[in-house]
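**Q** Residues annotated as transmembrane segment in TrEMBL: 48-72, 145-165, 269-290, 296-317.
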Amino acid sequence: MLSKLVPRIKAKPLTERTSSRDAFVYLDRVQKFFGWTAVEDKRWRIPYILWGIFMNLLLIFFLPISMLVAYIQMFKSFTAGEFLSSLEITVNMYGCVLKCIYTIWGFKGFTAARKVLDELDLRCTSDEERNSVHRCVALGNLSYVLFHIFYSGFVVINWTGYVLMGRHAWMMYLPGLDAENNFFVASLCEILLMSGVVTMDQCTDVSPLAHMLMARCHICLLKDRLTKLRTDPTKDEDEHYEELSNCVHDHRLILDYVKALRPTFSGTIFVQFLLIGIVLGLSMINVMFFSTLWTGLGTVCFMFCVCLETFPFCYLCNMIIDDCQKLSDNLFQSDWTTASRRYKSTLVYFLQNLQKPIILTAGGVFPICMQTNLSMVKLAFSVVTVIKQFNLADKFQ
């Protein structure tokens with residue numbers, strides 16, 4: 001059913017041509033809508049730039065400021081639940097601003113990385129390899145669709161819960177609009193603006209996941225090629241050496257691909273690591289002490305979305321580290337004992353390079369892995385523990 005609405009989440013047959021960059025089709029469409037990419041037709045370049053400036057000023061700069069103004073103007077009228085619901089979104093929104101800036105700044109890196117993917121695709125000649133690429137491309141598009149469903153679900157559920165109670169979901173300051181006398185108009189503006197900024201946040205979260213999915217795809221293909229080295233008895237020594245040289249080149253391309261993406265992903269994940277503990281802590285306090293059924297459901301959806309921002313990507317990074325270890329194992333276990341001196345010298349050099357795993361760091365400080373992610377999440381439980389020990393929640397009820 002879902003594949004009929006978004007057909008690219010299903011792997012295409014081998015009769016249809018698919019490249020690795022097709023894993024970002026849905027992501028690219030939304031980023032183009034926000035003005036984060038370049039237009040192919042130069043006649044539309046100026047209008048597109050103006051549109052991008054408008055959208056980003058509205059969602060990245062105006063919206064966070066409007067939330068801050070709302071706190072100043074309506075602080076005394078907030079209930080504890082409303083304040084926490086708005087605060088957890090606002091904190092995450094300011095983090096989203098930084099992540100969007102990093103993503104926009106990394107456009108040249110994305111362009112360079114996709115050119116590298118095109119070179120890696122040229123090595124996928126067998127049906128088995130092409131089928132692996134097709135599956136990973138579908139998985140990359142599926143990740144965007146699933147994130148969109150979850151993120152949009154949070155917006156709709158949270159907004160619906162507050163509207164049914166006759167209250168504004170995020171208490172935004174909308175210049176020129178009396179929110180109290182124009183409740184439904186103001187609420188409609190809120191959900192439109194929040195949907196926009198949440199979709200932006202989604203793009204910054206899906207981009208690292210989808211790009212590194214394709215990195216892992218080509219790492220696994222290289223792993224299979226290393227296993228098959230010197231297994232064809234019909235090839236002579238020069239052909240075996242050429243196969244090894246091609247694998248060395250593939251590994252270099254994969255490293256270049258990750259190198260082009262590393263600065264952008266380092267910044268976005270660093271921001272998210274700093275925020276995840278605080279945001280989850282505020283959300284847990286809201287659910288435990290101040291939420292109703294509807295608002296609690298919305299907050300739980302928000303907590304799930306916050307976890308999605310880092311958990312899948314960190315898990316993928318762990319898998320890539322394990323795959324890199326298997327690369328060196330597969331090369332060492334290949335049939336090299338009867339090879340020529342030239343082949344063995346190249347193999348030793350290649351083996352030394354393969355023993356250095358591909359590790360991404362957040363801000364050049366934290367290694368991006370599940371252990372770091374769990375350490376950051378523990379901060380949320382520390383916040384809740386402090387609140388319970390000092391009975392701070394009772395003072396606001």
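Glycine is no exception: its Cβ is also placed from the backbone N, Cα and C atoms.
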**Q** Which sequence-distant residues neighbour the transmembrane segment (145-165)? Criterion: at least 6 residues beyond either end, Cβ under 8 Å.
**A** 2, 6, 9, 26, 85, 187, 190-191, 194-195, 198-199, 201-202, 205-206, 292-295, 297-299, 301-302, 304-305, 308
**Q** Could you pull out which residues elsewhere in the chain have a CB under 8 Å from any CB of the transmembrane segment (48-72), counting only those six or more residues past its ends?
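**A** Contacts with the transmembrane segment (48-72): 33-36, 39, 86, 89-90, 93-94, 96-97, 100-101, 104, 170-175, 193, 196-197, 200.
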